[in-house]
């Protein structure tokens, strides 16, 4: 019987009356602590019991008749309600049927964390002192919060969270309430550039973000700097150099002279100040020092560069050297910038200053090798430098160099000398000797002519230095005067050999020997006898040149005159022909037949010439010779009223019309005069009215003789 009942119940459950979930809790929930909440769970055909599990622990059991197993929480708390929730239904009978289990959901109870705090001492200090370039660890703590907050670090707005070395959570034992502590440690190396920047710790949570900030005070040893390592200043100017210091905490600053080692007493410790720069301060090195609580700074130095013009320090005195030896002259200058030094020699013979070529511009020592008499004279050196675009020049005192030794011939005169035949020739050689020569003579062939000094020869007979033939004569050698009045060491002389009535037999080599206690020197000159140029030939050549010049000038003048005369003849002929045409037309009383001479067909310019024609209106004009026309006057301004239509034919017509009008008027006056003369011949007793008679006489007087009609003719260029 019991087995039959169980079978019937099992058949009922399997026949469509089993229990199932109509509504389940659904999805995860996030809710603020202290608010109400209902977790839905409705079962259709509920046959078992509903059970709610919290974190796998049953917290509520019931079998509502309507199958609504929803759980209502009036006030959510973190400790009781945060976590995993699940609705479960037991089977109808033990071991019979199936139970129900919903999908678990998570309820997150939001708990706002406390404000983050950066650990420092004292707790509420606004500044954290940090030593520069050291690895500092800074901690930020956040208490409570659900879910746990995330922490980020910012330095002056720049995220540096990647420098955080750890993040941990642990119970806050100190509170005794089981609070959770979230901690982040930042390990960062700060430098002086981070001084006074803001360090922030930010806690991010769904309920919002909060932060804590402090100012970083980076402590570092002083850092020093000067404007430049070398300070250039002109002598006499002020020196003002500031030592700039960057330090935290503030530092004590002072200057030291590197050579002396003692601090320099200054009104302003940071500023190295001197009222006047002196040349003995040039090259001095001053160092700036500083120190504070964090340590001593590395000093910085500045070197003074005092600029001043050159001045002579030392130079050679008078020097004496034998020919062929070596010697050196020195000339030392001080100046800043270092002066350029150049050497000069004053030629005692000419007084000119010659610059000596040197391998560089700073040669304070002059080396002379293989000394000769050409090196004798006065020397000086010149030093130059430039300060602020101003050139400073100074010269040393004169240094005298005296050369002595074997005689020498310093100047290379030509070896060949020309002498005019039949005239006087002179051979001249310069030589130098210190001491003065003991013997000087000319030698040629088998003849030797002694040369005395000018002082010695004054006391000797002139014949003692003459050749026996008295054509060759050696003049006394004389000292060459120096252009330098201060030069007392120039020992150079001139020797002369005169040859009168030079003949072809005198053409030979002549050798001058000079001897002193150090040796003998000689020089050869060769005389070449040439025929002199005849004075008559010179005069004849000059006259020929003058005559040729005069003849050429005359021919040019004649050529120009012929050309002008030819042009005048052509112009006169044309004017004469034009005057004849006009005279014939007037004598025939037919002005209409007057025709102008065709103009030349050369050119096509619209200008005219003013031509004066000679017209004779006397009664016996036919028997009187036609006077020559006057010379055409220069071209005058164009008369535009005579121009035609701009063509050559139109221009010619305008000119001819104007000329016809002039001639017609003059012919009419002539005709009136003839009629009056005829009436007087027919009626000789009739006397005209005095006034009329006066007018007629004036009119006739004006018609007798030669009249000049101003006529215009086209020029050759008109056509």
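Backbone N, Cα and C define each Cβ position, glycine as well.
Annotation comment: TrEMBL describes 674-699 as compositional bias 'Low complexity'.
Feature annotation from TrEMBL assigns domain 'Ig-like' to 19-108 (among others).
What TrEMBL records for 116-217 (among others) is domain 'Ig-like'. For the domain 'Ig-like' (116-217), the model's pLDDT averages out at 88.
The domain 'Ig-like' annotation in TrEMBL covers 222-301 (among others).
Feature annotation from TrEMBL assigns domain 'Ig-like' to 310-391 (among others).
Taken from TrEMBL, the feature region 'Disordered' covers 619-647 (among others).
What TrEMBL lists as region 'Disordered' is 674-719 (among others).
For 1-16, the entry in TrEMBL reads signal peptide.
Positions annotated as transmembrane segment by TrEMBL: 533-557.
Across the domain 'Ig-like' (310-391), DSSP helix (H, G, I), strand (E, B) and coil residues number 3 helix, 48 strand, 31 coil. The helix, strand and coil residue counts that DSSP assigns across the domain 'Ig-like' (19-108) are 4 helix, 44 strand, 42 coil.
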